[in-house]
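Participant: Sharing the feature lines straight out of Swiss-Prot:
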TOPO_DOM  1-49  topological domain 'Cytoplasmic'
TRANSMEM  50-70  transmembrane segment
TOPO_DOM  71-96  topological domain 'Extracellular'
TRANSMEM  97-117  transmembrane segment
TOPO_DOM  118-132  topological domain 'Cytoplasmic'
TRANSMEM  133-153  transmembrane segment
TOPO_DOM  154-182  topological domain 'Extracellular'
CARBOHYD  N161  N-linked glycosylation site
TRANSMEM  183-203  transmembrane segment
TOPO_DOM  204-214  topological domain 'Cytoplasmic'
Amino acid sequence: MTNGQKIEVAVQLPESKVAATENNETMSGPLVVGGGVAKPFGRKADVMHVILRLLCTITSVTAVSFMVTAHQSSTVSIYGFMLPVRSKWSFSHSFEYLVGVSAAVAAHSLLQLLISMSRLLRKSPVIPSRSHAWLIFAGDQVFAYAMISAGAAASGVTNLNRTGIQHTALPNFCKPLNYFCNHVAVSIAFAFISCLLLAALAVQEVIWLSKSKY
């Protein structure tokens, strides 16, 4: 009898150890994904993040492209005199500011796009940790506000070019310089679209942070 009891205990100990191991795996399984990285978002959300980042890159590059090609020469009538006029984006500090901010946004978005696509292709979470989420959230916020200020400053100069100055002989410069003004207007429009896309990315990152506990 004593020998039989000893054999029973020897057999039961491994079973209880296996059961405890299974319980530990079951408890930790849903909380940890891929080596301790939390993944509150699914595959669709990761794909949406990459699409938004791609669109932001395209719109910011388009804003830069249209602005740097905005230049034209023509003539304008002031007090009956036909005077030659030449306009170029680099003549205005507001337009230079818009080009600088748009280029910075394009570089930031392209870098984040490459990182996100590499993670997506490896089937890893696009946002791997809270620290990474906070970092890109801060970057998106800063660039969104900078883009708003640049677009607003450029819009003021463009509006002055289109309306002229009241009570003076200064005309609507966009009539003889329509190519220049149209390029500037398109650039400003894409700058504001980039700002909206950055805001959408920031919202997605806030949702990620609210769902993540790690």
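Glycine too: its Cβ is placed from the backbone N, Cα and C atoms.
Locate each feature and note its surroundings.
Facilitator: Long-range contacts of the transmembrane segment (50-70) within the same chain, counting only residues at least 6 positions beyond its ends with a Cβ under 8 Å from a Cβ of the stretch, are 87-89, 95, 98-99, 102-103, 105-106, 109-110, 112-113, 116-117, 120, 126, 179-180, 183-184, 186-188, 190-191, 193-194, 197-198, 200-201, 204.
Using a Cβ-Cβ cut-off under 8 Å and counting only residues 6 or more beyond its ends in the same chain, the transmembrane segment (133-153) has close neighbours at 94, 97-98, 100-102, 104-105, 108, 112, 127, 188, 191-192, 194-195, 198-199, 201-202, 205-206, 208-209, 212.
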